[in-house]
Amino acid sequence: MKLPIYLDYAATTPVDPRVAEKMMQYMTMDGIFGNPASRSHRYGWQAEEAVDIARNQVAELINADPREIVFTSGATESDNLAIKGVAHFYHKKGKHIITSKTEHKAVLDTCRQLEREGFEVTYLEPESNGIIPIEKLEAAMREDTILLSLMHVNNEIGVIHDIDAIGELCRAKKVIFHVDAAQSAGKLPIDLQKSKVDLMSISAHKMYGPKGIGALYVRRKPRIRLEATMHGGGHERGMRSGTLATHQIVGMGEAAAIAKADMESDNARIRRLRDRLWDGIKHIEETYINGDAEQRYCGSLNVSFNFVEGESLMMALKDLAVSSGSACTSASLEPSYVLRALGLDDEMAHSSIRFSIGRFTTEEEIDHAIETITKSIGQLREMSPLWEMFKDGVDLSTVQWAHH
């Protein structure tokens with residue numbers, strides 16, 4: 001068993017060996033290394049064909065038309081292109097955008113930038129289970145609302161939004177619907193022939209593909225127009241200029257094809273391991289799951305261990321690669337803004353750990369994790385005066401702390 005045990009699949013996934021092997025065929029002189037935009041010779045034609053196949057594979061994963069797939073450098077760029085692209089193209093129709101307080105920074109900071117440009121953004125607060133009820137979304141919509149941006153699966157707590165129902169609402173209200181599916185594409189079934197989603201951001205490195213490549217789904221019927229944010233050679237039907245990274249795209253296509261084929265069996269195994277982990281730690285006193293217990297992706301488990309400081313717990317769990325919050329913000333000592341939006345106080349938010357399980361996690365690793373967590377929590381609480389007071393029946397909310 002390799003230590004530390006990797007339980008941070010929501011931050012990134014290792015590239016599947018089958019994907020890596022395929023990518024190697026598209027880099028060197030012996031392989032297909034040409035520029036897909038080179039139309040005058042075989043090197044270019046072969047590369048273009050490889051890109052077309054990968055585009056089909058990504059489209060099949062979400063049941064879309066391959067012509068609706070725009071390759072980008074990842075979900076962050078896809079989010080930027082979708083939100084800024086819609087805002088700048090449709091600004092004469094309205095300048096109001098709706099999103100939630102628990103979105104990824106790539107969505108929140110893009111919206112903040114648009115606010116500086118004169119757009120108005122409503123940031124909705126979720127219920128304590130992390131989900132925004134459809135009535136709340138409808139109530140926030142106005143005559144001048146042009147866009148709703150909402151994630152499918154939350155990166156920190158794993159809760160799932162019902163994008164089918166929300167899509168119906170948006171279509172009825174003539175509001176463009178963007179979904180950040182970085183955490184759900186390749187893990188949950190997505191059918192864009194059925195779901196009325198207009199734009200969808202996808203990342204390869206969250207589904208065992210390479211980093212640095214992603215896609216944006218842009219609906220053709222009814223047609224969604226975007227203003228480009230990257231200008232140049234007019235690649236990707238003018239929406240995203242820049243030479244296509246054939247080997248990355250091939251890797252993303254292969255990862256999508258494997259994810260589609262193995263989704264059911266992968267999820268059944270991951271769910272078993274997730275349940276095994278929770279069953280092994282739920283007996284620890286003052287331990288709570290964050291986010292809806294049912295409506296969540298099976299590989300995600302965000303747990304608060306009361307009376308344990310998150311950073312000291314992370315250090316105690318040095319044999320486990322886990323995170324507190326998302327990878328993009330786990331370097332900061334601020335409590336997770338997602339958990340704060342759920343109504344958790346600073347202490348509970350600080351004592352939370354995100355465990356995310358994936359394709360290569362084993363039972364042996366889960367059992368070792370349970371043992372490590374149980375032991376570490378016990379040791380840390382033994383040192384905690386707060387735990388001692390709590391066990392003595394002191395109501396800590398009534399304690400007047402002296403200010404030094």
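Note that Cβ sites are derived from N, Cα and C of the backbone, with glycine treated the same way.
Swiss-Prot has this to say about the protein:
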{"type": "BINDING", "residues": "Ala75, Thr76, Asn155, Gln183, Ser203, Ala204, His205, Thr243", "note": "pyridoxal 5'-phosphate binding site"}
{"type": "MOD_RES", "residues": "Lys206", "note": "N6-(pyridoxal phosphate)lysine"}
{"type": "ACT_SITE", "residues": "Cys328", "note": "active site, cysteine persulfide intermediate"}
{"type": "BINDING", "residues": "Cys328", "note": "[2Fe-2S] cluster binding site"}
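Overlay of Swiss-Prot annotations on the structure.
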residue: Ala75; record: pyridoxal 5'-phosphate binding site; DSSP (3 states): helix
residue: Asn155; record: pyridoxal 5'-phosphate binding site; DSSP (3 states): coil
residue: Gln183; record: pyridoxal 5'-phosphate binding site; DSSP (3 states): coil
residue: Ser203; record: pyridoxal 5'-phosphate binding site; DSSP (3 states): strand
residue: Thr243; record: pyridoxal 5'-phosphate binding site; DSSP (3 states): coil
I need the most crowded of these recorded positions: His205, Lys206. Count other C-beta atoms within 10 angstroms of each C-beta and give me the top one.
Lys206
Return the residues near Ser203 (pyridoxal 5'-phosphate binding site) by Cβ distance under 8 Å, restricted to its own chain and a separation of at least 6 in sequence.
Gly74, Ala75, Ser78, Ala182, Ala185, Gly214
Can you tell which of the binding-site residues (Thr76, Gln183) has the fewest other C-beta atoms within 10 angstroms of its C-beta?
Thr76
Roughly how many Å lie between the Cα atoms of Asn155 (pyridoxal 5'-phosphate binding site) and Lys206 (N6-(pyridoxal phosphate)lysine), rounded to a whole value?
10
Please report the distance from the Cα of Thr243 (pyridoxal 5'-phosphate binding site) to the Cα of Lys206 (N6-(pyridoxal phosphate)lysine), rounded to the nearest angstrom.
23
For the binding-site residues listed here (Ala75, Ala204), which one has the lowest count of neighbouring CB atoms within 10 Å of its own CB?
Ala75
Over all shown protein chains, what is the count of other CB atoms within 10 A of the CB belonging to Asn155 (pyridoxal 5'-phosphate binding site)?
26
Could you tell me the C-alpha distance between Thr76 (pyridoxal 5'-phosphate binding site) and Lys206 (N6-(pyridoxal phosphate)lysine) in angstrom, no decimals?
12
Other than its own, how many Cβ atoms are within 10 Å of the Cβ belonging to Thr243 (pyridoxal 5'-phosphate binding site)?
12
